[in-house]
């Protein structure tokens with residue numbers, strides 16, 4: 001890449017970054033937090049944060065990258081995607097009408113809410129316990145990270161349930177919403193994330209997500225400033241780099257350490273070059289339509305129920321890795337959100353996907369606002385826990401693609417909804433057995449006076 005070509009790419013990158021950052025800043029000033037702000041920051045991180053890192057790798061370490069025209073296509077496609085997304089998100093689908101009292105779809109009380117978070121936590125802890133009994137601490141047993149996807153590891157499906165520890169702790173926080181509950185959320189979820197990091201053999205997702213949710217809650221409540229957020233972000237990047245070194249068993253120093261930091265940080269937070277690599281192989285793609293979305297549900301079907309289930313699920317990531325790049329290393333290369341749309345339908349699917357994503361984020365913000373307006377604090381805690389718990393799925397959306405997001409968010413909704421139903425059933429059984437006594441104002445007054 002020549003200096004002139006880099007200058008042209010830099011101008012495009014700068015304009016796109018300023019465009020998205022400016023809109024995000026105005027939205028932040030207006031509401032302080034919503035899921036549009038979160039997704040916008042996530043989009044910036046995924047598609048634009050990596051450009052400076054790539055530039056240093058190219059000019060400092062002479063690393064090969066896709067041709068400049070392909071990199072330009074990647075930057076422009078990301079900028080255009082966000083423009084369509086933003087217009088869709090801001091478009092009002094119906095006229096605003098005065099709030100009319102409606103019969104709520106469901107309601108929650110104190111016992112049901114506490115039962116819900118206990119069940120969610122139980123699912124996570126039991127899954128971790130069973131996985132540990134089968135495999136032990138994989139971080140200290142396996143020689144390479146790719147081995148966690150091999151037949152040596154049993155009970156892989158259980159990993160999908162680990163994440164429900166975070167929504168459980170979110171319910172605990174939203175029931176109190178004070179600084180002690182906020183710090184308890186951080187300590188408990190990060191400790192659980194470190195435990196799963198050692199047991200699974202290097203998966204950092206639970207740690208990243210717990211830390212991100214902690215920071216956003218702090219921003220919402222005014223407990224941390226933007227400067228503190230930036231400092232925490234730098235600390236998070238360094239922490240993720242250290243965990244990556246441990247995961248891959250690397251011992252580096254000097255220039256090699258700087259080089260390793262650049263490419264691991266880029267691959268962890270901003271896999272934008274994967275999109276460029278996919279666009280470089282555009283002519284080799286046999287568009288898959290909506291099949292990757294359907295195929296991604298295969299992983300949730302146990303083999304005993306479907307003996308002929310394919311051993312390799314050909315979602316957009318696996319199709320890109322195996323069929324387009326002919327890479328059979330065992331690790332799937334993340335195609336990113338835009339890349340998954342290209343795999344499904346080419347360039348035409350990019351604006352269509354942007355419209356779909358705009359509606360998805362709009363729906364999450366509607367739920368979030370519903371929780372903000374909800375007078376029943378127990379129901380509000382459940383709604384907020386569901387919304388913030390879905391942050392993991394939004395990260396999957398940006399990094400892995402629309403197909404992976406759809407299957408995971410449906411799984412999340414089903415499990416979360418099942419926990420709610422079980423909690424309500426248990427409450428009904430306990431109440432029928434006379435084990436639950438409703439609090440009265442007189443008893444509460446007596447407790448206060450005592």
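Glycine residues also receive a Cβ, built from the backbone N, Cα and C atoms like all the rest.
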>> Of the residue ranges 155-175, 260-280, which one carries the transmembrane segment annotation in Swiss-Prot?
In response: 155-175
>> If I go by Swiss-Prot, the feature transmembrane segment sits on one of 118-138, 286-306. Which?
In response: 118-138
> Which stretch does Swiss-Prot mark as transmembrane segment, out of 207-227, 312-332?
Replying inline: 207-227
> Going along the chain, which residues at least six beyond the ends of the transmembrane segment (6-26) come within the CB cut-off of under 8 Å?
Replying inline: 37, 40-41, 43-44, 48, 51, 55, 58-59, 68, 71-72, 75-76, 78-79, 82-83, 86
> Which one of these stretches, 37-57, 118-138, 341-361, has the most C-beta pairs shorter than 8 Å to the transmembrane segment (155-175)?
Replying inline: 118-138
>> What residues elsewhere in the chain lie close to the transmembrane segment (207-227), defined as a C-beta under 8 angstroms and at least 6 residues from its ends?
In response: 32-33, 38, 163, 166, 170, 173, 177, 179, 182, 185-186, 189-190, 192-194, 197, 233, 236, 239-240, 243, 388, 391-392, 395
>> Which sequence-distant residues neighbour the transmembrane segment (410-430)? Criterion: at least 6 residues beyond either end, Cβ under 8 Å.
In response: 106, 109, 111-113, 115-116, 119-120, 123, 160-161, 164, 167, 297, 300, 382, 386, 389-390, 392-393, 436
